[in-house]
Amino acid sequence: MGVGGSFWDLLKPYARHEGAGYLRGRRVAVDLSFWVVSHSAAIRARSPHARLPHLRTLFFRTLSLFSKMGAFPVFVVDGQPSPLKSQVRAARFFRGSGMDLAALPSTEAEASADALVQPRNAKFTRYVEDCVELLEYLGMPVLRAKGEGEALCAQLNNQGHVDACITSDSDAFLFGAKTVIKVLRSNCKEPFECYNMADIESGLGLKRKQMVAMALLVGSDHDLHGVPGFGPETALRFVQLFDEDNVLAKLYEIGKGVYPFIGVSAPNIDDLPSPSTKSLPRARSPHCSHCGHPGNKKNHIKDGCNFCLVDSLENCVEKPAGFICECPSCDKARDLKVQRRNENWQIKVCKRIAAETNFPNEEIINLYLNDDNLDNENGVPLLTWNKPDMEILVDFLSFKQNWEPAYIRQRMLPMLSTIYLREMASSQSKSFLLYDQYKFHSIQRIKIRYGHPYYLVKWKRVTRSMISNDPPSKQTELEGKNDKVEVLDGDDEVVDEEEEEPTMISETTELLDEPDVPQVLDDDKDCFLLTDEDIELVNAAFPDEAQRFQEEQRLKEAKSIARKSKLNVAGFETPKGPRPSGVQLSIKEFYRSKKGLSGDSGKDGSRKSSDVDLSKNLPKSVRRRLLFD
């Protein structure tokens, strides 16, 4: 949730819509609890009996984020919850249990007293530890927070350890985040929303401490109620009256009953007059009821109006509907009216704030402004991404998810190929892919997946003798049941030559997060793999092969352009002999054009009659036949 009162809707106009390539090469901090709760709930809604959806979601999302999007994820685990968040936790428990929310503690003090020693849900904690174990086998860095996970994500982003945060909690900005990705869909053509603090500052004029002040007024996870009568718009208007450096100090003054604005003689809010008892603006000078300008109607009829005589020849022109006088007297009266209206509004909201006890809550302010959220006294460690431990990973997922080892190895191939290409780009290693079994062969073509271009890379197996030496699980890890696969140039589909009927997918849960299964080309001599790889990464890892492919593409485009130009020229020329069989004929050679027969004009400018007399009395079908005879 984060900040209450639809705070995301207030920020939505300043969101940037980025594509899948935005995260390539960037470090991103992922709020692990957000993935475990939100995506697991979505899978259970589709398949209530899904087996450990939190592990399945994390596995495929991590593979997609690392290999398809090219990001470097850093996962953050929640620590002990703050007692200030007890009301939100209780409300979630009540909603999940179907209980009446009216039984919730009415005050923050009651909720905090009951929640001081309450740990997190044991089942949820077990789920998180399973996810941490899986991430360690995948080689991903995992950091533990003292309290809220989004607080540590924001700290990593603010200190430059990561480039963005992936979380749905809007209070990440209050913890210091600079870039927040709210929702990330890997297999979707639609761009995702990315919020930059710089855009919010330029659009709304809000900085970190001003957002903290808004959370105190509107409410948040640490104070559900906030100040009565404050919504996002009212809170925004109020905090914009102060600078970031003194906005919290002004809230302290108002909480103590001191009016913070100048121009009012009463220093205490209780001594301020109510809006209804304040004096009205001074009456303006008399104006003509006919034209609306300064003066009166009698004098204008007799001597004329100085303003009307400038714009017209009449002495006094009747004022139009919605007329607004722009004389100095009226401008001053309007300004005074707006000033009094703003003063009345300021007094009203200040009285609402002063009526709250223990406002502002200093614990909430310190929680948001704290920059020490890592559960490690030595500070943020060096972030490294290691190679996955395949043997332990296969055993873990086989036990937890009941997956076949071949299925696991197939899904891991995009991640392994990405790691291999990164190593080749950085050090030009002489090793091969998949335990030195496959080497880079060629680039087949450019492939568009979800609006992003990729290289379709062909990997060749080094020796066929290695297949017989592999264990059964590794021997079939990529070949599967079908040996003959045809790669189509036009579509991103794999077609089995022996089986034409569509096969049913046995996986009952949502498949949108799964990466593409590698394609296998197997013949009597060689075995090949086809994978989708990032274009820039392949160019850096194998520059010679990439340059050769680009030259071939340019030659193909040049030949295609030359062939099309020849066809266009041949279509306008009159054939003098038999045409080649490969040249498409013009449709005008088969059907006579009526426009060509009647296009010439006589000397008198009249058009010649057509060779075929199309009588209006003939049926339409007969006239059509006569036209082409």
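We count from 1, first residue shown onward.
Placement of Cβ uses the backbone N, Cα and C atoms for every residue, glycine included.
Marked as Mg(2+) 1 binding site by Swiss-Prot: D31, D78, E148, E150. Sequence annotations record features per position, and here Swiss-Prot assigns Mg(2+) 2 binding site to D169, D171, D221. Taken from Swiss-Prot, the feature compositional bias 'Basic and acidic residues' applies to 601-614. What Swiss-Prot records for 1-87 is region 'N-domain'. According to Swiss-Prot, the feature region 'XPG-N domain' maps to 2-98, an assignment based on similarity to another entry. Here Swiss-Prot flags 136-221 as region 'XPG-I domain', drawing on similarity to another entry. Among the features that Swiss-Prot reports, region '5'-3' exonuclease domain' is placed at 221-421, with the record citing similarity to another entry. Per Swiss-Prot, the feature region 'Disordered' maps to 594-617.
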Counting across all protein chains, other CB atoms within 10 angstroms of the CB of D169 (Mg(2+) 2 binding site) number 27
Once near-sequence residues are set aside, which residues in the chain of D31 (Mg(2+) 1 binding site), 6 or more away, have Cβ atoms under 8 Å from its Cβ?
V76, G149, E150, C153, C165, I166, T167, S168, D169
Output the one of D78, E148, E150, D171 that, of all these binding-site residues, has the highest number of other Cβ atoms within 10 Å of its Cβ.
E150
The correct three-state DSSP answer for D78 (Mg(2+) 1 binding site) is coil
Looking only at the region 'XPG-N domain' (2-98), what is the mean pLDDT?
82
Excluding D31, D78, E148, E150 themselves, which residues in that chain have a Cβ inside 8 Å of the centre of the Cβ atoms defining the Mg(2+) 1 site?
S33, F34, V76, A145, G147, G149, A151, L152, C153, T167, D169
Could you tell me which three-state DSSP class E148 (Mg(2+) 1 binding site) falls into?
coil
